[in-house]
């Protein structure tokens, strides 16, 4: 028979182990390799050839277009694209100017540093960005992470942090590590985002009511606010609360629509009115900031210089563009020179966590506006890495894509990433000509802008779907939420991701195994065990113990269905070797069904003594009959003795 010939060929190939194949429906082909050793010169030549092929592949036009996306869409650029990009770019620019100054304050920096981070990065993203809706610049989450990293050390540290963030993101992109983001689950991401939103709101209450507050965790912020509650400024409070009310009203106005739901059925007046409502709501931050600046200017002009203002203002902002220069890798503090490695130790784990948070925020935006298209996480890593490196040369702090500005960008009808160019131009114009007027902006107004922007980031709405879908997924999400609230932010993030990975490893170490008894047409009973995933080192001993336990309890032939086992490792192979030996010693049959060829190669690497596998269910009767005869032969001398 074919299978007997196969078995005999395997036995003659190597007498140290026995490997049986139950059917010739599946043929294993072994590659014959000559025993001649490769010389050093040949090895070096092989490495050089491999590097040469890799270089040609990298510089191939297809890959160049993939890594420089502007080469794809620029040749097809139309007038309609240009009009859409100009409209969206200007709208986002009117949004980013007040937001970036507010986020600079959130990061513990002067307002101009937010503007510095809003033009060069957006310009660079035009060339290397893969998502048309992403406007690069300061964001609430990254700004809060920057604040918790800097510890009040100043703008030079923030610029160096921006450079290091970009370098790490670029290096991860070059190494293709965008896959890391796949290990952060939705519940963990939602828990982190919600906690950060509450922390940002808590951090802005001090500016909203005009008190001096400190702290990086929720508990520290609340304690600080409680101590200074007696120094509350009623002028700041009235302006701040009023700004919040107007911003929320304008947000509602942006959603108002009159006439039929279908735009094609609306009249020209209805379309114009709806567009006007949407535009007013979209640039609400600029409307509020401009209005408060004008009123503040009029109030200060009418006041006597000796009188103290009832509210705090931003103050003087340097006019013009920042100096283009390298970040400082050594700092001067208290007449002492602080070296680069000492600075790194000051920033601690945030140097690694912050780039990942920036990537997570950016990828979330890309997925939200992908419209079914795939998102290249590696390309986004390269893009935001280059943007942060570029921003560090203009004295900015780290940035990423912004959820709120992306929504405005998308709703404005952006067609390509070129919209970022017009946003950059508007920010440059503001730096060159409008900074004298920023002096009069009330600080509480910027706090109101931040609070109304992040309050909707608290993702309460995802709790019910998670609960209905899988209740256990709430555990890492809630753990991340509370850890980020009451621990340092970077520690909370690491704890959440760690718990998420622990959950993944637990499921890998404890595969589900279905156990059923069957009877063949010939009347032979056997026990079928079916693991639902690959056999790897965390789960190998668990599977062995489970198989041994049930095989001893049933005392019948055992079949392990490997239909879902697509991979295995050395540890699993050693466990299978011991398992087959245990079954062989006690005379109990063990068969493997539908074992993949790659898994067979792994198992054969440890040379098991008894490895019997088959691919055709018709062969099971023959194997069971053969095992029954062998067991009877083994037990016959014992029966005769008795």
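Backbone N, Cα and C atoms are what each Cβ position is placed from, and that goes for glycine too.
Of the given residue ranges 358-379, 380-401, 446-467, TrEMBL assigns the label transmembrane segment to 446-467. Looking up the ranges 94-116, 117-139, 232-254, 301-323 in TrEMBL, the one annotated as transmembrane segment turns out to be 232-254. In TrEMBL, the feature transmembrane segment is placed on 421-440, out of the ranges 61-80, 421-440, 521-540.
Against the transmembrane segment (277-300), stretch 446-467 shows more Cβ pairs under 8 Å than any other of 192-211, 446-467, 479-506. Long-range contacts of the transmembrane segment (421-440) within the same chain, counting only residues at least 6 positions beyond its ends with a Cβ under 8 Å from a Cβ of the stretch, are 85-86, 88-90, 92-94, 96-97, 100-101, 111-112, 115-116, 118-120, 122-123, 126, 135, 293, 296-297, 300, 313-321. A contact between the transmembrane segment (192-211) and the transmembrane segment (157-180) is absent, since fewer than 3 of their C-beta pairs, 6 or more residues apart, lie under 8 Å. Long-range neighbours of the transmembrane segment (157-180) within the same chain, counting only residues 6 or more positions beyond its ends whose Cβ lies under 8 Å from a Cβ of the stretch, are 107, 109, 113, 117, 146, 149-150, 327-329, 331, 343-344, 346-347, 350-352, 354-356, 358-359, 363, 376-382, 384-392, 395-399. Within the same chain, residues 144-145, 148-149, 183-185, 187-188, 191-192, 194-196, 198-199, 216-219, 348-350, 353-354, 356-357, 472, 538 sit at least 6 positions outside the transmembrane segment (479-506) and bring their C-beta atoms closer than 8 Å to a C-beta of that stretch. Secondary structure of the domain 'STAS' (535-604), assigned with DSSP and counted as helix (H, G, I), strand (E, B) and coil, comes to 42 helix, 10 strand, 18 coil. With a cut-off of 8 Å between Cβ atoms, the residues of this chain six or more beyond the transmembrane segment (446-467) that come close are 98-99, 101-103, 105-106, 111, 140, 186-187, 190, 193-194, 196-198, 200-201, 204-205, 207-208, 240-241, 243-244, 247-248, 251, 285, 288-289, 314, 403-404, 473-474, 477.
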